[in-house]
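Chemist: Take a look at what TrEMBL says about it:
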- 313-337: region 'Disordered' (REGION)
- 6-35: transmembrane segment (TRANSMEM)
- 47-79: transmembrane segment (TRANSMEM)
- 127-150: transmembrane segment (TRANSMEM)
- 170-188: transmembrane segment (TRANSMEM)
- 200-227: transmembrane segment (TRANSMEM)
- 233-252: transmembrane segment (TRANSMEM)
Amino acid sequence: MAIILSQAVFIALFIETVLYGIALTMGSATILTLLRIGSEGPVAQKPLIFMLSLMLMIATPHIIISFVRAHTAFVVYPLDGPDKSLGNISDPLLNVKNILFLTQTVLGDGVNIWRFYVIYGKSVKPIIIPSIFMLAGVVCGCFVINAFAHSGSGHSVFDLPNSWIKAYDAFMITTNAYCAVAVSWKIGRTTRFHSGGGSTHPAVIVIAETGILYTSSLITFLGIYVANSNAQFIAIDLITPLVPCMFCLMVLQIKFHRNNGCLPSSYTIHALTPSRADHTCALTKIRRMVGCHPDLSISPTRSVQIQISTQEEQYPGEEMMDIRKKGESSIGNSADE
């Protein structure tokens, strides 16, 4: 059974509200964590706090516009039918929502590329390909917004900007998938812990699952849109609050695993070669941004308490030596006498 437009918008509003509440909760917890870490260590957390605050500020007007459009369709003009108002793709409020959505996805892709850039030793060459994909997606997104703004009556979201929407989503999926796979492969290939390599998996999971969840939402939207289903409004509205949730999940998971010993303050990297040594310091920079203090070496250090006893202890070997010495001294004394 096909879902009608008004039902899809109503469900999308409900899901977006829930995710926005989760994003606010996780965002507050993450900001407090970053502020506490910043007060304890020399590493400034301002870039992470600024990025997270910007994501939340974009998600806030997005959900407000969703409520305004729903109120207009269901309350202000109920006699005309909500589908007529909601189906107007040239609505200025809808265009503002699309701009906010485009900006949010660019921020999400930018975070993935930034992780890629840091993990690969701040080398520009590895991020050229995902950056090109992201810029191509931004161009397609701008064409979509322009098509919406200049569309006439009778057009729907499935006909006029159809090709641009598919291209935009495909580029964003490619960007996120490329970064997630490359970063996970880099960590899994170059890092080993003292526990024999078994603890490498949490580091890979933290990086991979945040990218997989976001990429899955984009794939879901593309599949539903290709099927010409109004459920695409549900899929697209949940992405905007999902981006800050994924960002918070990455920061909090790294902090959680580090506190529980899964991610120590430094990695132990075996069999370093000159070509790989330059990249090892970059592997700790993300963790330093979320609260790891700079280390003097790449090996984990632990505080050791040393107690020095002033009492003498006798061992069986020492007792035998004392007995022999006493025997020899007694024999010597007898000989003297």
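For all residues, glycine too, the Cβ spot is worked out from N, Cα and C.
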Chemist: Return the stretch with the most CB pairs under 8 A relative to the transmembrane segment (6-35), choosing among 47-79, 127-150, 170-188, 233-252.
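Modeler: Looking only at 47-79, 127-150, 170-188, 233-252, the most contacts with the transmembrane segment (6-35) come from 233-252.
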Chemist: With the transmembrane segment (233-252) as the reference, find which of 47-79, 127-150, 170-188 contributes the most Cβ pairs under 8 Å.
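Modeler: If we count Cβ pairs closer than 8 Å to the transmembrane segment (233-252), 47-79 scores highest.
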Chemist: At a C-beta cut-off of under 8 Å, are there same-chain residues at least 6 beyond the transmembrane segment (47-79) that contact it? List them, or none.
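Modeler: 6, 9-10, 12-13, 16-17, 20, 23-24, 27, 30-31, 34-35, 85-86, 91, 93-94, 96-97, 100-101, 103-104, 107-108, 111, 237, 240-241, 243-244, 247-248, 251, 289-290.
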Chemist: Under an 8 Å Cβ to Cβ limit, what residues of the same chain, 6 or more beyond the ends of the transmembrane segment (127-150), are close to it?
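Modeler: Residues packing against the transmembrane segment (127-150) from afar: 89-90, 94-95, 98-99, 102, 105-106, 109-110, 112-113, 116-117, 120, 160-161, 164-165, 167-168, 171-172, 174-175, 178-179.
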